[in-house]
């Protein structure tokens, strides 16, 4: 089973790392939106667990891991406390938000793809759920914060594409029986680096043909 590429301890640690980094990005956005402490916690939890909850419900992994492992619930609360007390320092580090988000994107797209395949889905469906695992929490985060989700906006740097690449790499490795801890890590790093490069060089997906690039919808 591909979900057992790593020892249970390593796999659980990677899951918590992904949850933590996504929760940080959600909590930081909540602070920028002037949410109270409860709102910060809610946005952190939703960002960290939303994509995984959707994946588990689709593949029939019920109850979802977020409801059976207390660590999955407590980790976003730890991120909430960290941001709540240290946000004046963290908020000045915009690159930190981007790095946290990119790291979570890479970790979740790989974990989501392998888990979906282990539950009997085909490679294409598994890759799609890997993408959903990676971006689902971010979409919910943006919606709750009253923002158009980043992956839907032309005037935002590539967000879904790096996750698509990472998920596709995992699916191809499974297809050719080449999925190992090394290739899984390579997929994580690829998605992570692509997201950071997109932020650095402002890579964006094309809009409808003949749509004037100078026209940007209101924020």
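Glycine is no exception: its Cβ is also placed from the backbone N, Cα and C atoms.
The transmembrane segment annotation in Swiss-Prot covers 10-30 (among others).
Summarising the annotation, Swiss-Prot assigns transmembrane segment to 34-54 (among others).
The transmembrane segment annotation in Swiss-Prot covers 66-86 (among others), and the record cites sequence analysis as its basis. Listed by sequence, the residues of this chain that lie at least six past the ends of the transmembrane segment (66-86) yet keep a Cβ under 8 A from its Cβ atoms are 12, 15-16, 19-20, 23-24, 26-28, 30-31, 37, 40-41, 44-45, 47-49, 52-53, 56.
Swiss-Prot lists 93-113 (among others) with the feature transmembrane segment, giving sequence analysis as the kind of evidence.
Residues 22, 25-26, 46-52, 54-55, 58-59, 101, 104-106, 108-114, 149-151, 159-160, 163-164, 166-168, 170-171, 174-175, 191 of the same chain, all 6+ positions outside the transmembrane segment (120-140), place their C-beta atoms under 8 angstroms from a C-beta of that stretch. Summarising the annotation, Swiss-Prot assigns transmembrane segment to 120-140 (among others) and lists sequence analysis as the type of evidence.
As annotated by Swiss-Prot, transmembrane segment applies to 158-178 (among others), with the evidence given as sequence analysis.
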Under 8 Å between C-beta atoms and at least six residues away from its ends: which parts of the chain pack against the transmembrane segment (93-113)?
14-15, 17-19, 21-22, 24-25, 28-29, 48, 51-52, 55, 126-127, 129-135, 137-138, 159, 162-164, 166-167, 170-171, 184, 187-192, 195-196, 199
